[in-house]
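These notes are about the structure you will find just below.
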Amino acid sequence: MSRLTVYRDDAPDTILLDVTTPGEIAETLRPHNIRFDRWSAPITPAPDAPAEEVLDAYRPYLDTLMGETGAGSADVVRINASTPNLPELRKKFLSEHTHSEDEVRFFVHGQGAFVLHIRGRVYSVLCTQGDLISVPAGIPHWFDAGPSPDVVALRVFTDTTGWIAQYTGDDIANRFPAEVPVEASGNS
């Protein structure tokens, strides 16, 4: 189940808001220009389906989204136990960073938390299968798919060079709880 949990950035043990309905999540994030939406497809590709099959299943949504955002490319990313250098990759994702373009992800399978650091607040958005999130360029954030990830996601890019992070150097991610339950990190 999708979830948004909001904290003060200096009080990781104090929850200010905790909502689980997609409409409430979207409404809370909208003032920060963060898009949260749900997509459904006529078929749900298997987690190990070829990338082209996954892209084709969501093509109508992707075409609309890419037209709205001016994005130039989309691909499929898989993060699981067989991902090369998984510990190093996870460490990179767990460090607060920004991007020079919007970070757009659609969760085909599994779940992960985008944790956003905005104006003295931390917004932890647990995304699950069927969720779309678009984090605007320049918003400090980190991502956690859990210690045993099993995620398949569509990535949409304007810059065809792909995922490029600018790290903030802030260790804030170390002070906040993981939002992906260990027992559920591979489930949707």
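Counting starts with 1 at the first residue shown.
Heads up, the Cβ atoms here are built off N, Cα and C, so glycines get one too.
Cross-referencing H32, H141 against the Ni(2+) binding annotation in Swiss-Prot, which names H97, H99, E103, picks out H141. Taking the Cα of H141 (Fe(2+) binding site) as the reference point, the closest of the recorded sites E96, D102, R105 is E96. A Cβ within 8 Å of the Cβ centre of H97, H99, E103, H141, the residues given for Ni(2+), is found for these other residues of the same chain: T98, V135, I139, P140, W142, F143, A165. H97 (Fe(2+) binding site) falls within a strand segment according to DSSP.
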